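Annotation source Swiss-Prot lists domain 'Ubiquitin-like' at 20-94, citing sequence analysis. Residues or ranges marked as region 'Disordered' by Swiss-Prot: 187-254, 331-372, 388-427. What Swiss-Prot records for 190-205, 237-250, 336-347, 413-426 is compositional bias 'Low complexity'. The compositional bias 'Basic and acidic residues' annotation in Swiss-Prot covers 363-372. Annotation source Swiss-Prot lists compositional bias 'Basic residues' at 388-397.
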Amino acid sequence: MEQQPSVPRSCTNVARETPMNLNIQSTTGTRYELSVPLNETVDGLKRRISQRLKVPKERLTLLHRETRLSSGKLQDLGISDGSRLTLLPSVEAGLMSQMSRPEQSVMQALESLTETQVNDFLSGRSPLTLALRVGDHMMFVQLQLAAQQSGGSHLQHRHVITRGADAGAPPQYRTLHTSTSALSHLASCTPGSTPPTTLSPTSSTHCDAPHSSPLTTSVFRSHGEGVSPCAEQVPCSTRGTEGTSSSPSSRSRKPGAIIESFVNHAPGVFSGTFSGTLHPHCQDGAGRPRRDIGTILQILNDLLSATRHYQGMPPSLTTLRCHTQCASQARNAKATSPQSTGPQQTTHPVGHCQAQTRTCKPSGDRLRQTENRATRCKVERLQLLMHQKRLRRKARRDSRAPYHWMPTRKSSRTSSNSSTSSGEGSLEIDFEDSLWKPDVKAELNSEFVVA
């Protein structure tokens, strides 16, 4: 008698572990089966369907026996093995599509990823491509991480997401952006193991990383309000490099990312480098990134936070030359000047180099002025072309008119008609003079006077 209750308990445990099959039927005619656990919720079922159909779960509506499924467990709603669910399409009309915020697009793109895609991406086995929508504009972001390797060998075109206090040098990323606004930095973290064909080598320098914001969508909201129109759909690819040894400065770096260089290759296509360290709450006890979409979201969030700290344009050859000259002059001044002399002899070349660097460093205001000047020239040229087009249209219309009543053309007509008969000339002059009476008197030849 005492052994009988143990048998149904084991049976119930086995029954709980066995999944149940659901028949999903859409109103458009699509039918397929989906295997879910017995304790699955409505939200989890919508997430599975959205991952399979590549549709945001907010646009999915499920019906079971004419009842809309909104929340709760499937078993509590009377859904069992072999149940049939109806999938309704979501139709948007009017300006509803423009009301979606950028952070919703990011979250929808991340939530549509399967667990296999997230694991393969974070482990570096395969790249990940996200399609982001901001209003009526699309932007494709390709992310790729390098597989973490043990040992201190030099890794080229790879990077490792590490903890800021326990790992080595922070990773450097090279990015290729697709938009022309602050949101363009979102399409950035795509380091890969193979160099892309559309990317030219750029320089990278180490700087202190800014403080990263928490894992929320507030940064997406703040940057999404002032975005400008994005460019056309251009796929992105990146690569990165990592140093060999760690330094005390790199160990003490705060979690986050910082953009080090930025190059505009073409309208809507950008490349650059940035370095950063993953936040500790996105890592496990061994320092590896967590297999979750929150890790990907943190990387994007750190990049958006880095855009606010990045000011200025990419360093040109002149700027790099100025920095090199200043460093060499300062080193020579410190080596050659005796310690007994005052600081006046050493501060002059350094101050001169600083002024030279200040003049060589391009600023954002200068770029904006150049863009405004180019836009103004384009507008003036368009106005000139439109004015010429109006003049040609007016001349064409005047040539087709049966009579020419413009007073400014009277003298030209009288001079051209001087070879005609005197009767016709006198009639035309008397007729026009009686109507218009221009201020400038026409020159009359002798034949008109005789008539």
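Cβ atoms here come from the backbone N, Cα and C positions, even for glycine.
As a whole-number mean, the pLDDT of the domain 'Ubiquitin-like' (20-94) in this prediction is 83. Counting residues of the compositional bias 'Basic residues' (388-397) by DSSP class, helix then strand then coil, yields 10 helix, 0 strand, 0 coil. Secondary structure of the domain 'Ubiquitin-like' (20-94), assigned with DSSP and counted as helix (H, G, I), strand (E, B) and coil, comes to 15 helix, 25 strand, 35 coil. With DSSP states grouped into helix (H, G, I), strand (E, B) and coil, the compositional bias 'Basic and acidic residues' (363-372) comes out at 9 helix, 0 strand, 1 coil.
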